[in-house]
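These features come from TrEMBL:
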| type | residues | note |
| --- | --- | --- |
| DOMAIN | 196-449 | domain 'Peptidase M12B' |
| BINDING | 385, 389, 395 | Zn(2+) binding site |
| ACT_SITE | 386 | active site |
């Protein structure tokens with residue numbers, strides 16, 4: 001009933017989450033009982049080498065990038081959650097044990113989507129903050145998701161001549177080898193891989209960070225649920241017995257710790273202190289920002305900025321981009337237009353933009369998108385839709401997808417007919433994915449990135465590569481300092497002193513860290529201690 005704000009719900013889980021591949025779930029509300037047969041999802045949306053990148057400004061106004069390796073903490077936390085789905089109803093849930101009741105029976109926490117439009121959350125304070133609503137302290141709560149669903153003209157297009165641009169030579173060689181392998185393995189469809197794992201560089205703006213009180217662990221828990229839900233929509237392609245299997249992997253999460261560190265948002269707010277920003281101008285600014293820092297950002301296939309602000313379109317702009325009819329929560333006015341900026345466009349991305357950035361195409365960046373998100377699951381559909389554009393999908397009814405009706409009801413359409421369809425991509429979208437993967441410039445999707453920015457020999461490379469040379473290769477500038485701290489984390493400035501990057505990894509072994517001292521395994525040790 002769409003008129004009911006929220007309902008308490010009692011849950012009953014039959015089976016052992018995480019161990020049993022199938023569970024039975026019963027949900028009792030005052031007006032209805034739900035029964036689900038759920039299947040386990042094995043996929044992990046976090047890359048096994050996931051890093052957190054804090055981005056902030058220091059007292060001198062310099063932009064600082066600081067890597068934090070929290071692999072064990074992140075993955076340990078992720079392993080506590082077991083994700084299950086019912087592909088026939090568009091239901092996606094995390095289910096985990098949370099202690100035992102007075103009768104010695106396990107207590108379970110269930111969180112996620114029911115039928116693609118209802119949200120269920122457990123009775124915890126963290127869940128209340130994550131979903132930004134008051135929840136029952138003793139029971140689960142279920143409510144209807146009000147995420148906007150129109151997507152008209154939310155795409156941008158890469159330049160027509162992009163396919164004749166010169167790729168990095170060794171990238172061309174790698175693509176050629178991958179294509180040859182694909183031809184040997186897939187005789188009937190020689191250029192279409194059966195599985196890809198697009199690697200995402202995910203940025204979270206300061207507005208979203210503030211919603212979690214700056215608490216990294218709560219933010220990561222939210223992102224775990226959010227992007228598992230996004231990824232599941234791509235995994236449904238394989239449930240339809242079609243290729244490719246698309247399994248997203250978040251490689252690095254950039255967290256903007258203050259407003260000044262994100263000029264692409266702050267410079268494009270419609271006025272100081274506003275929550276509305278000009279989406280197209282932000283795309284242009286973010287593009288320049290990504291190119292500026294292309295040498296220090298990790299290799300990735302797609303960049304996505306998740307914003308807690310509200311996007312709008314300047315009415316004076318002449319781009320082919322119409323009002324989508326979105327209704328924004330917490331809008332600053334009841335009118336559609338505020339100071340010349342039309343509210344209604346919640347996301348945008350470049351069609352077939354994946355791979356179009358450094359290191360494959362230095363000096364350009366089209367492999368990115370921006371999407372609104374709030375805590376709770378609002379924004380999942382937007383993110384899936386925009387990432388779909390980046391991986392080659394057009395809107396149903398347009399361009400390559402013209403054979404599918406505009407109102408098909410699938411993810412890349414303009415309408416929502418039922419949860420089953422809106423959790424899936426149409427045959428036209430799947431065909432567009434396949435078509436894009438047949439293009440040479442999509443070759444990055446066939447490779448996996450190294451875990452390091454720089455590749456060094458393993459035997460005391462610091463003996464012949466000084467700390468100055470390491471920084472010159474990494475940022476183009478000098479080291480932040482000379483001394484023992486470089487043995488813990490390599491820190492380098494850029495050539496103009498405008499920004500600083502601190503890596504989670506140390507300077508390479510053998511680097512001088514003081515008179516007759518060198519770095520080894522993250523420590524500054526006297527040379528005299530070797531050989532004893």
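Every residue, even glycine, has its Cβ placed from backbone N, Cα and C.
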Around the Cβ of residue 385 (Zn(2+) binding site), the count of other Cβ atoms that are within 10 Å: 26
Mean per-residue pLDDT computed across the domain 'Peptidase M12B' (196-449): 87
Tertiary neighbours of residue 386 (active site) (same chain, Cβ under 8 Å, six or more apart): 154, 304, 347, 348, 349, 369, 370, 371
